[in-house]
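*Asks:* My questions all concern the structure below.
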Amino acid sequence: MADFQTSTQRAKWIFTPQKLAERYKASNHRAVQLLEKCGTTQVEVDASGSLTYPIEKADAGGDQGDKKLKPLSVDEERFMRAFYEAKVQEVCSAFEFPHKIQATALQYFKRFYLQWSVMQHHPKEIMLTCVYAACKIEENHVSAEEIGKGIKQDHHVILKYEMAVLQSLEFDLIVYAPYRAIEGFVNNMEEFLQAREDEIQKLESLLKAATAEADKVMLTDAPLLFPPGQLALAALRLANGVLGVVDFDRYLENIVSQPNSEHTTSEFIKLLDDIENLVKNYKYPSEKDMKHINRKLKSCLGHSSSHDESKKREKRSKHKSHRSSSDTPKGAPIS
Amino acid sequence: MEQPKKVADRYLKQEILGQGTYGVVFKATDTKTGETVAIKKIRLGKHKEGVNITALREIKMLKELKHPHIILLIDAFPHKENLHLVFEFMETDLEGVIRDSNVFLSPADIKSYLLMTLKGLAYCHEKWVLHRDMKPNNLLIGPDGQLKLADFGLARIFGTPDRKFTHQVFARWYRAPELLFGAKQYGAAVDVWAAGCVFAELLLRRPFLQGNSDIDQLSKIFAAFGTPNADQWPDVKNLPDYVEYQFVPAPSLRSLFPSVSEDALDLLSKMFTYDPKARISVKQALEHRYFTSAPSPTDPAKLPKPLRKQDSKASHGKHEGTKVVSPPHKIRRVMPERGKADSIKSHVDKDQQAPMSLDFTVLAERPPNRPTITSADRSHLKRKLDLDF
């Protein structure tokens with residue numbers, strides 16, 4: 001599928017910075033409300049995609065004795081996502097999946113958490129499910145079992161969450177990544193430079209460096225804010241800033257002079273600056289941050305931090321006095 | 001009267017249209033729009049590999065493909081252990097038209113059907129999507145006569161250099177020779193061959209190349225077009241499953257299609273060109289003079305349709321013209337289940353001739369089977385499809 005212009009990504013999944021901030025705030029708010037009303041935020045999921053919300057508790061309004069549960073803030077949620085987005089890249093590299101799959105998994109993960117708070121669905125489970133779904137959709141099928149085995153995680157979790165994830169993605173499954181566009185631009189630069197042998201080699205190293213830069217861009221909010229072509233150009237400009245292969249401003253002018261260009265050079269430069277700033281301001285949580293956030297998250301999800309994985313599951317099943325909402329097909333709250 | 005059931009608070013369930021490999025297709029009314037829709041219900045089950053990959057392919061493609069000649073996917077949602085795909089309702093399909101001997105197809109009608117087929121296909125190829133399962137049964141016809149490509153469960157995105165695909169695609173009769181020789185790298189030309197087979201089927205009113213095995217399929221192709229020589233198809237010898245066949249000369253195409261126009265014959269020969277690189281593209285086919293020369297294609301709203309069950313009663317005379325009838329499981333498509341009402345009726349009026357849309361499972365003698373991708377193939381696909389790159 002090579003038509004971003006008519007894609008669901010362009011129509012539905014690219015936001016203004018304001019809108020994106022609102023979405024994050026809204027999903028955080030929904031979880032905060034759940035916590036206030038129900039004393040827990042965990043939304044249970046089954047393989048057929050039906051969701052079970054926690055039930056309201058009369059005394060959940062904060063009077064929990066001395067241990068009042070504190071929800072994650074919007075920024076803490078961002079850290080949590082950043083941590084697991086980096087994990088997506090780790091897992092994909094461990095399996096030596098192509099960049100495209102990694103990018104698809106990241107997009108899925110990002111889109112999922114526009115609908116949900118990390119307090120409602122644990123990001124580890126969603127991360128694994130996104131990797132699995134990305135492999136499947138990109139026709140690079142790896143069984144859930146293999147993924148689970150490869151990283152020593154229970155693959156049943158993946159199968160359990162698959163439908164809920166697909167549904168939260170509104171079944172818009174084809175996503176566009178900057179990598180193809182980078183290749184296209186580099187080919188185009190070859191013509192632009194009328195490259196000789198040595199320059200072609202330089203362009204090859206530019207391609208490699210830009211791909212690495214694109215990996216960084218994919219970890220920011222940029223994929224939800226900009227079309228893949230612009231992400232690609234930003235990655236190329238970042239890489240070219242180090243390697244100095246082409247006169248980038250002249251190259252941009254060349255692009256802008258094409259008849260189908262929608263932007264002026266200065267507009268373009270502004271867009272690329274914005275993307276670059278996202279990369280520069282990208283924050284990855286420290287170990288200390290994560291410890292703190294993790295503790296909070298666990299208590300919100302209704303597990304105490306001292307329990308190991310298996311006990312956690314046990315405990316969760318004890319908490320299963322949930323209201324069934326399986327008859328609401330669109331489980332994701334509408335924002 | 002039974003209270004109609006509402007699915008997902010939106011769709012008023014009506015009668016079952018057909019039973020498929022993965023589940024049921026039923027007719028429903030979309031209470032949001034008032035439109036009639038067809039809902040394909042896919043069982044989720046306890047699969048080791050999660051949500052059905054064929055269904056996911058279909059969803060992911062149709063979410064992006066919006067065109068007057070592509071089936072419209074309205075909604076997709078899980079509900080009670082089933083994945084539901086909601087499509088616009090289609091009345092019949094091209095197979096129903098072709099096999100109904102009451103339907104007379106004029107050259108202008110055939111041109112109209114082919115035009116719509118190629119327009120839908122051109123759009124797919126423009127978006128770098130291979131359909132890979134083109135056949136009359138997957139070309140659905142709406143109440144307004146518009147033809148739409150459906151069943152994207154085998155569709156693939158192409159265009160990535162050197163990407164290898166499985167050759168186990170298409171129902172055999174529509175499979176291009178390069179696929180039969182095991183090609184793993186192929187492109188839009190495979191859909192063109194299949195569309196050529198559909199064109200021929202419209203002209204002949206029976207499937208054109210009815211092989212009963214892959215080898216036999218090649219023999220049928222060679223019998224029609226002669227064994228390909230190196231000039232016609234230089235790369236054929238390099239294909240994985242290439243075997244030399246005994247030389248068969250090509251009969252004249254005219255002898256196979258005695259009554260068609262020169263233009264139609266020329267387009268046919270270009271769609272059936274052996275070398276996939278030299279085969280006409282869909283875009284070129286649409287620019288072929290066949291489409292501009294007289295007669296001009298029939299307005300879709302005026303195209304002849306198979307008689308509907310209700311209407312057919314009055315006109316039942318002798319129906320013996322059926323040449324091919326699909327095995328009953330083929331009634332799984334998004335269209336009315338032909339036969340169900342009829343088979344009931346035929347018990348009532350015993351002295352009447354069996355209506356031609358009768359479900360033949362009740363008879364001992366089975367009609368010739370139209371091959372599809374068999375379930376064995378399918379499971380093979382599930383395991384092997386496109387893993388080999």
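Even glycines carry a Cβ here, placed using N, Cα and C.
According to TrEMBL, the active site, proton acceptor annotation covers B:Asp133. Under the heading ATP binding site, TrEMBL lists B:Leu17, B:Gly18, B:Gln19, B:Gly20, B:Thr21, B:Tyr22, B:Gly23, B:Val24, B:Val25, B:Lys40, B:Lys41. Among the features that TrEMBL reports, compositional bias 'Basic and acidic residues' is placed at B:308-322, B:334-352. According to TrEMBL, the feature domain 'Protein kinase' maps to B:11-291. For B:292-389, the entry in TrEMBL reads region 'Disordered'.
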*Asks:* To the nearest whole angstrom, what is the C-alpha distance linking B:Lys41 (ATP binding site) and B:Asp133 (active site, proton acceptor)?
*Replies:* 20
*Asks:* Sort out for me which one of B:Leu17, B:Gln19, B:Gly23, B:Lys41, B:Asp133 has the most neighbouring CB atoms within 10 A, since those are the recorded positions we care about.
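*Replies:* Result for the most crowded candidate: B:Leu17.
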*Asks:* If you draw a 10 Å sphere on the Cβ of B:Val25 (ATP binding site), how many other Cβ atoms land inside?
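*Replies:* Other Cβ atoms found within 10 Å: 23.
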*Asks:* Could you please provide the mean pLDDT value for the domain 'Protein kinase' (B:11-291)?
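*Replies:* Averaging the confidence scores along the domain 'Protein kinase' (B:11-291) gives 93.
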*Asks:* Return only the integer: C-alpha distance in Å from B:Val25 (ATP binding site) to B:Asp133 (active site, proton acceptor).
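*Replies:* Counting only the Cα atoms, the answer is 19 Å.
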*Asks:* May I ask for the distance between B:Leu17 (ATP binding site) and B:Asp133 (active site, proton acceptor), taken between their Cα atoms and rounded to an integer number of Å?
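*Replies:* Per the Cα atoms, B:Leu17 (ATP binding site) and B:Asp133 (active site, proton acceptor) stand 21 Å apart.
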*Asks:* Do you know offhand how many angstrom separate B:Gly23 (ATP binding site) and B:Asp133 (active site, proton acceptor) by C-alpha?
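*Replies:* Taking the Cα atoms only, B:Gly23 (ATP binding site) lies 19 Å from B:Asp133 (active site, proton acceptor).
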